[in-house]
Amino acid sequence: MSSDTSSSRPPQPDSGTASKSESENPAIPSPKPKAHAPLTNRDWWPDQVDVSSLHPHSPLSNPLGDDFDYAAEFAKLDVEALKADMISLMTTSQDWWPADYGHYGGLFIRMSWHAAGTYRIHDGRGGAGQGMQRFAPLNSWPDNASLDKARRLLWPIKKKYGNKISWADLITYAGNVALESMGFKTFGFGFGREDVWEPEEILWGEEEEWLGTDKRYSGERELAQPYGATTMGLIYVNPEGPEGKPDPIAAAIDIRETFGRMAMNDEETAALIVGGHSFGKTHGAGDADLVGPEPEAAPIEQQGLGWKSSYGTGSGKDAITSGLEVVWTPTPTKWDNSFLETLYGYEWELTKSPAGAWQFTAKDGAGAGTIPDPFGGAGRAPTMLVTDISLRESPIYADITRRWLDHPEELADAFAKAWYKLLHRDMGPISRYLGPWVAEPQLWQDPVPAVDHELVDDNDVAALKKKVLDSGLSIPQLVKTAWSAAASYRNTDKRGGANGGRLRLQPQRSWEVNEPSELDKVLPVLEKIQQDFNASASGGKKISLADLIVLAGSAAVEKAAKDAGYEISVHFAPGRTDASQESTDVESFAVLEPRADGFRNYIRPGEKAPLEQLLIERAYLLGVTGPEMTVLVGGLRALGANHGSSKHGVFTDRPGALTNDFFVNLLDMGTEWKASETAENVYEGRDRASGALKWTATANDLVFGSNSVLRGLVEVYAQDDAHGKFVEDFVAAWVKVMNSDRFDLK
């Protein structure tokens, strides 16, 4: 049925409740930060770099200890018994939080979706991989109202199976089981998410109040990076429309932007909304002012539960979560095509929920009584969210959803794959997945081939190192190439890294930070060494270019250490393979391109953020600590590994030798630093007595002398007895970065 003007863009009334999200976000009062006198160093000096951000999840906070092996514990788990217990849980309604329609499936789908849906592509943060929904701020986000009850319902399962199943896996798996228990065939499931035990500081937005939007947009509604959501405290978008204005077309624009930032294309986006909204309901039975504070602000006697409502019984038929009161289909506990049949089967008019939230109801009383009440009351009229109507009104989504209306099997396939991607997007390569239900590799998992040949041995490694060092390539060239390959790694979502050899492929081959013109000189030489070895090696031995790039860089580090008077062997573990261009999603990889890399003293033209802050961010994404960051920067400067062979920060008269000169000369009080009058982002270090120019630097360099924490680390490596320690620590940090994506070694 084609839509008429009643379901096109409605008039723009004042927002009833602007505090909503996709699909259950509260109209209830949201938390606001309480003002207080400065209590921390960060309060006093907010512009100082926060080195402590490089040390999240201290092992001191982990009650399971350093020796705990989750994969080994999981191997003891009877996954079929777990699944059976969870299916039983789905249909065992509890008096303290009754199940809609006698089935918790809709609630658990929302819990899993909101755990995974925090993932964002621009920095890889968020996602379900660590069970962060248990902690602030996520446990108290307006969008996560009532999910405290969902997690509490899971406690008997967690209690029974103990350390064999993590909270992170259990929270995520619950939604998968919910779908299967209601007749949907999922694409698979991978376990393997390890719990953390304390929250992590993540910049979710700069707004000073939850549900704000004023600090994340500029220009014509341009959403700042790296944010994924339109609104502070929401997972995706406001289901009443942008800022609570019920405009389905404008909402579709927000949907496309925010789901795209979660790595979903248009079809995946539509599939997730249609599939997710085929089950359950939203909750807005009464006045939202009767709902109490979120878990982090709730009274101690509520024991971690929040949003206690005094409206009626406060639960069941009286539940208030989002302020929206929508049941999407006549079969809310069964998979079928009734969401689209309902969406296209009626014309829609704008109405308000009992809590005053904007939603749509079938026009002129059509369909009255066809939607079942969750607790046996009178039948209801069909209802939809503003963002549901977007799927019909937006030409982009209408083309997709109208096709699925006639071909429900295509919807089922698209939803199964999009749901699998949603739950696993932050887990990295498939080698990290556990359990019997892991699906075949997908392009978005950045697949690499399995090793199908004998690996090089110690004698081969020694011979290859000699060939590399005799090739005419310089130490800086070899070091920079290896760093370019490995430093694409993001510890947040476990993407990038040297494995796969994608430095030779697009888009990484063309990234400015990787100096394409230099790669054009280095890679052909290494490829020739690889080809010659593979053609002549006996016993089926081969070396991948991915392995050789790392080996060549490590050989250069050994040579540089020797030139500085220190003999050391850099550990090398073969086993990387070379991916193909066909198995590399160019658009997906593009978001890994660094806006800055302080380790190479690189900044993208036009970047305005402080360099020292970007250095900390790059170190965080690499997963290195403050001491590791310090020793790596000092060592890479000594090796001459700057982007474009810049001399900034190369505080040595013997570049290419692995010395601690960077630290010694940075602390030299005979040097006075001033901002350059001719070059942006550059500082000049001049002799205090003569005024002669000695060095140039950027904030990436000088922060190590300016910041008190970093200066303390620099002092360790600048001491007269520190050269040996410096080399050993640099090599250890180097190997860590080179092996960041070698999950087979961990």
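Placed from the backbone N, Cα and C atoms, the Cβ positions cover glycine too.
Residues annotated as active site, proton acceptor in Swiss-Prot: HIS114. Around the Cβ of HIS114 (active site, proton acceptor), the same chain contributes GLN133, ASP143, ASN144, LEU147, ILE235, each under 8 angstroms and 6 or more positions distant in sequence.
Mapped onto three states, the DSSP output places HIS277 (heme b binding site) in coil. Every protein chain shown contributes to the tally, and the Cβ of HIS277 (heme b binding site) ends up with 27 other Cβ atoms within 10 Å. Per Swiss-Prot, the feature heme b binding site maps to HIS277; the stated evidence is sequence analysis.
The feature compositional bias 'Polar residues' is assigned by Swiss-Prot to 1-20.
Annotated region 'Disordered' per Swiss-Prot: 1-42, in sequence order.
The site 'Transition state stabilizer' annotation in Swiss-Prot covers ARG110.
Other C-beta atoms found within 10 angstroms of the C-beta of ARG110 (site 'Transition state stabilizer') number 26, with every protein chain shown included.
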